[in-house]
Every structure is written in structure tokens, then in C-alpha cells.
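Annotated features in Swiss-Prot:
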ACT_SITE  ASP126  active site, proton donor
ACT_SITE  GLU127  active site, proton acceptor
ACT_SITE  TYR151  active site, proton acceptor
BINDING   13-14, 34-37, 60-61, 81-85, THR100, 151-155, ASN181  NAD(+) binding site
BINDING   SER85, THR125, ASN180, 190-191, 206-208, ARG215, ASN250, 272-276  substrate binding site
Amino acid sequence: MAKSYLITGGAGFIGLTFTKLMLRETDARITVLDKLTYASHPEEMEKLKQNSRFRFVKGDISVQEDIDRAFDETYDGVIHFAAESHVDRSISQAEPFITTNVMGTYRLAEAVLKGKAKKLIHISTDEVYGDLKADDPAFTETTPLSPNNPYSASKASSDLLVLSYVKTHKLPAIITRCSNNYGPYQHSEKMIPTIIRHAKQGLPVPLYGDGLQIRDWLFAEDHCRAIKLILEKGTDGEVYNIGGGNERTNKELASVILKHLGCEELFAHVEDRKGHDRRYAINASKLKNELGWRQEVTFEEGIARTIQWYTDNDR
């Protein structure tokens with residue numbers, strides 16, 4: 001019998017990528033619960049409704065009535081992407097991040113605890129670990145949590161909440177923490193879409209501070225394949241890091257994109273973000289050694305595909 005999954009935030013960047021992957025590569029029935037924020041893709045939800053294995057429920061994970069509507073059946077798993085995720089927005093207005101990321105996760109954990117689903121996959125971020133110095137080893141799953149902004153603090157809070165349910169209630173849950181993602185469907189406010197947009201308009205690319213902050217980049221589809229593998233083979237109660245092993249400074253990243261587009265290197269250094277972490281790097285050896293995950297898309301191929309998508313979709 002085909003399995004049935006609930007995907008929260010399935011109209012957003014990574015959630016949509018995962019939803020399409022599951023519909024394409026499995027025979028599972030998929031329900032997406034999404035409140036359709038500014039960063040979502042409602043037009044893609046309409047297209048997916050043509051698939052008889054797909055169902056869309058508009059709702060907010062922090063609202064119990066919406067949770068009840070979505071959990072009108074028992075699922076084989078809940079894959080929880082839904083989150084407020086933009087750091088700058090969290091600095092200026094933290095409340096939506098607490099409401100969605102913490103309270104929403106609580107409501108989902110309660111639903112799974114009550115038997116509405118067999119498993120919870122909680123999608124988190126490497127930002128919960130804080131930042132690294134240039135010569136520090138990459139984050140592992142046992143690195144202490146040390147968030148430096150309201151967004152990462154809200155995600156760390158939700159991680160700890162899920163882990164507390166695992167220890168206290170034996171909740172069947174797994175946490176994943178991934179490095180920076182890029183690819184089609186990412187909202188225009190994010191870094192790579194911003195670089196592409198400015199380059200195409202002949203404008204200087206804005207860089208926070210000196211532009212030498214380091215991030216580890218992973219193509220979103222590779223991230224989603226890792227989540228699918230963890231859903232199928234991961235161990236309940238565990239945390240799995242997912243990373244690209246592709247560290248680049250923000251300035252180096254911008255240079256790669258500008259070169260690909262044939263544009264002159266024009267940068268505008270702007271005031272640095274409050275609480276801006278200097279370096280992220282993920283050690284994904286646990287995922288690779290225990291479950292056999294390997295990324296399939298090189299950085300060069302992923303960037304080319306991403307630029308092509310934004311060119312085709314005029315974003």
C-alpha cells in the first residue's frame with residue numbers, strides 16, 4: 001500500500017523541491033500544509049493539484065484548527081519544513097519567528113505524539129550551532145547549540161523542544177541540520193537570487209561588511225535527497241547534519257555568479273548585519289557513513305541550473 005506523508009511548508013523553496021521529488025520518485029500520497037506567505041509558490045500548488053496523489057491544505061502550523069484540518073488522516077510521516085527563515089526579518093521583528101518556528105513545531109509534535117503520524121522529520125539549520133573561526137573544525141551533530149540571532153534562536157528552540165519530546169515521550173522524531181541551500185524557487189530576498197538580479201540589472205552586488213563571511217553551499221535537490229534517505233532509513237531520536245563541503249566567502253560566491261553571467265565585478269559593501277555569523281561549515285560524515293548519502297550536483301552545475309531558472313522565470 002502506498003504511503004502517505006504530510007509536508008509542512010511544501011509551497012516554499014526547499015519544501016516545494018522536496019514535494020516534487022517525492023511525487024516524481026515515489027508512489028506516496030502527499031499532503032502539503034502551507035499558509036502561503038510571501039515566500040511561497042501558490043502557482044506551483046495549483047499545478048500539482050493535477051496529480052491525483054497530491055492534496056493542498058492552506059493553513060498555519062501555529063493554529064490548532066489548521067493542524068486539525070490537515071491531520072484528518074494518519075500519516076506515515078510528517079516532514080516539517082514550514083518556518084520563518086530570513087535573518088534580517090527576525091532582527092527587526094522576531095515574534096513571527098517564535099510563533100511559527102516554536103509554537104508551530106510544538107503543535108506538530110503533539111499531533112504526532114497523539115498518533116496522527118508515525119514519524120516527524122524536523123528540518124533545521126546549521127545556524128543553530130552559531131559560527132566558526134577560520135581554523136575551527138566543521139560543525140558535527142554534537143556541537144553545542146549557540147545561536148546568534150532571533151531566527152537561529154527560534155530554530156534551536158524548536159530543535160530542543162523536539163529532542164525533549166523524544167526523551168520524555170519517546171516521540172519518533174529525527175532532526176536534520178543543513179548548510180546554506182541554493183537552487184530554483186528560492187525567494188528573491190535571499191543572497192544568490194539577489195546577486196543574479198543585481199547582475200542582470202547592471203547594478204553593484206551588495207555585500208555585508210567585508211564580504212568575507214564563509215558559507216557552505218548545497219544544491220537544494222541534493223538536500224532533499226538526503227531528507228528522503230533519512231525518512232526511509234534514519235534512526236529515530238538522531239540528528240543528521242547535511243552539508244555540501246563547499247565553503248566559499250560571500251564575495252567569492254558573487255564572483256562565480258558574475259563570471260557565469262559575463263558581468264563585471266561590481267560590489268557595494270553595506271553595513272554589516274547585526275549578529276552576522278562569520279563562518280559556517282558542516283561535517284556530514286555521519287550521514288555519509290551510516291546512510292550512504294552522496295551529493296549528486298556539483299557546485300558549478302548547480303549554479304548554472306539556478307541561474308538558468310531565474311533567467312527563465314524572470315526573478
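From the backbone N, Cα and C atoms, a Cβ is placed for every residue, glycine too.
Just so it is clear, the model here is predicted, and its values are computed rather than measured.
This view paints the features noted in Swiss-Prot onto the structure.
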residue: LYS35; record: NAD(+) binding site; DSSP class: coil
residue: ALA82; record: NAD(+) binding site; DSSP class: coil
residue: GLU127; record: active site, proton acceptor; DSSP class: helix
residue: TYR151; record: active site, proton acceptor; DSSP class: helix
residue: ASN180; record: substrate binding site; DSSP class: strand
residue: LEU207; record: substrate binding site; DSSP class: strand
residue: ARG215; record: substrate binding site; DSSP class: strand
residue: LYS274; record: substrate binding site; DSSP class: coil
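Checked against TYR151 (active site, proton acceptor) by C-alpha proximity, the recorded positions ASP126, GLU127, LYS274, HIS276 yield GLU127 as the nearest.
DSSP classifies ASP60 (NAD(+) binding site) as coil under the three-state reduction. Rounded to a whole number, the distance between the Cα atoms of MET191 (substrate binding site) and PHE13 (NAD(+) binding site) is 13 Å. A simple Cβ count within 10 Å picks out one of the binding-site residues ALA82, MET191, LEU207 as the most packed, and that one is ALA82.
Between the listed recorded positions, namely ASP126, GLU127, ASP272, the fewest other CB atoms within 10 angstroms of a CB are found at ASP272.
Among the recorded positions GLU127, ASN180, LEU207, HIS276, the ones whose Cα sits within 10 Å of the Cα of LYS155 (NAD(+) binding site) are GLU127, in sequence order. Counting every protein chain shown, the number of other Cβ atoms lying within 10 Å of the Cβ of HIS276 (substrate binding site) is 14. Contacts of ASN180 (substrate binding site) defined by a Cβ separation under 8 A and a same-chain sequence distance of 6+ are given as ASP126, MET191, ARG215, ASP216, TRP217, LEU218, TYR280, in order along the sequence. Of all the binding-site residues in the record (LYS35, ASP60, ALA82), the one with the smallest CA separation from LEU207 (substrate binding site) is ALA82.
A separation of roughly 29 Å, to the nearest angstrom, links the Cα atoms of LYS274 (substrate binding site) and ASP60 (NAD(+) binding site).
Distances between the Cα of ASP60 (NAD(+) binding site) and those of the recorded positions GLU127, ASP272, HIS276 are shortest for GLU127. By a simple count of nearby Cβ atoms, those within 10 Å, the most crowded of the binding-site residues LYS35, LYS155, ARG215, LYS274 is LYS155. The two recorded residues HIS276 (substrate binding site) and SER85 (NAD(+) binding site) have their Cα atoms spaced 14 Å from each other.
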